[in-house]
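Peer 1: What follows is a structure written as structure tokens; I'll ask about it next.
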């Protein structure tokens with residue numbers, strides 16, 4: 001028996017939970033390298049912001065935002081390591097992979113917001129262009145370029161590597177690809193370097209550094225300060241064009257949409273599932289991207305009543321598991337019901353069902369010669385009432401099988417004959433009961449007398 005605590009321990013605050021998860025990630029040695037690069041990145045950002053203030057260059061400020069984006073990418077890499085350590089919980093039954101998607105989406109959106117801020121500042125500078133000091137402009141450019149390339153090539157950032165390959169190409173990548181084809185047409189030996197799809201982050205780092213170098217030379221030669229604003233606009237547009245396709249791709253993953261490149265494969269697998277033995281229908285299918293490279297889905301499968309649920313479930317899962325790693329399949333059998341003639345409860349004092357057994361047999365007369373008999377009297381010219389026996393057996397003549405057991409009829413029970421009205425009233429008169437009380441049935445061809453045969457002789 002444990003110790004009884006009178007007061008419940010207070011829950012951790014948000015800061016305490018974040019500190020606990022950070023310690024969990026820091027315990028892994030793979031994260032030490034990322035933490036080291038993050039510390040160097042903060043120092044580099046501090047120096048770059050000071051040089052941007054001293055040079056009064058907005059183009060260097062736009063390029064510094066790429067270094068801040070590198071810090072976001074390092075945080076995303078830490079979140080990726082944290083996701084691999086965590087297991088699914090009752091609250092997050094699908095795991096924590098969507099945190100990676102959310103981190104990539106937030107990083108790319110923040111980079112685009114920074115680009116919009118640069119465009120707004122550049123528009124103001126066109127009205128009144130300040131003087132640009134080039135003392136530390138070139139130094140800041142090479143420091144930022146070296147650190148960005150070293151970070152991108154040294155750290156294996158799984159989420160951004162997947163997004164950069166899966167997302168659509170940016171306009172900068174398309175223009176560089178066209179230029180690479182032209183160069184490879186002249187020098188075929190460079191096809192292995194330029195023809196593959198270039199990394200968009202490396203491409204924007206090189207393009208931004210090239211724009212800053214051109215800015216430095218034009219200011220040094222002609223004191224053309226407006227080129228700094230033009231370079232800032234170019235870097236902002238390249239940043240926005242590079243981050244926008246990644247934001248769209250990660251946003252679609254967050255909205256649980258079906259990836260376009262797997263729709264054809266999913267349709268083919270669903271057609272194969274619908275042809276399995278015992279499967280009648282496949283419906284309510286929904287497939288979405290749970291994380292980067294992870295597809296989840298759910299499907300309802302209707303099967304025959306005589307089919308084996310476990311066998312069908314195993315075959316369906318085996319077919320879809322090749323593409324959908326997290327799959328939920330709901331199996332339910334066909335729920336058709338046979339129609340019944342009557343569901344009216346029968347009282348014990350009206351008719352003993354053990355005396356007569358009614359078996360429906362095929363009718364010997366045409367269906368047109370029979371009048372529909374219902375539980376509610378109907379007029380000759382009116383349509384059948386609401387409770388008509390509109391069943392396959394309504395035009396079937398019943399066969400009355402007489403019970404062979406003898407019954408003592410000397411117990412004061414009157415077995416008189418009563419005429420039939422529009423509804424069958426069986427004259428089982430009990431003491432104290434009126435002759436109007438009887439049993440109503442839906443069969444029209446029942447003999448008009450009960451207890452005697454056609455010749456008036458009593459039945460055995």
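Each Cβ is built from the backbone N, Cα and C atoms, and glycine gets one as well.
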Peer 1: State the residue range annotated as transmembrane segment by TrEMBL; the candidates are 96-117, 162-183.
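Peer 2: Result: 96-117 is the stretch TrEMBL calls transmembrane segment.
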Peer 1: TrEMBL lists transmembrane segment for one of the ranges 12-31, 32-51; which is that range?
Peer 2: 32-51
Peer 1: If you look at how TrEMBL annotates this chain, which of 137-155, 251-269 comes out as transmembrane segment?
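Peer 2: Checking TrEMBL against the ranges 137-155, 251-269, the transmembrane segment one is 137-155.
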Peer 1: Under 8 Å for C-beta pairs, could you tell me which stretch among 32-51, 96-117, 137-155 has the largest tally with the transmembrane segment (225-244)?
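Peer 2: It is 96-117 that shares the most Cβ pairs under 8 Å with the transmembrane segment (225-244).
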Peer 1: Give the nonlocal contacts of the transmembrane segment (32-51) in its own chain as ranges (CB under 8 Å, at least six residues past its ends).
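Peer 2: Residues 26, 60, 64, 67-68, 70-71, 74-75, 77-78, 81, 136-137, 139-140, 143-144, 147, 151, 154-155 contact the transmembrane segment (32-51) from elsewhere in the chain.
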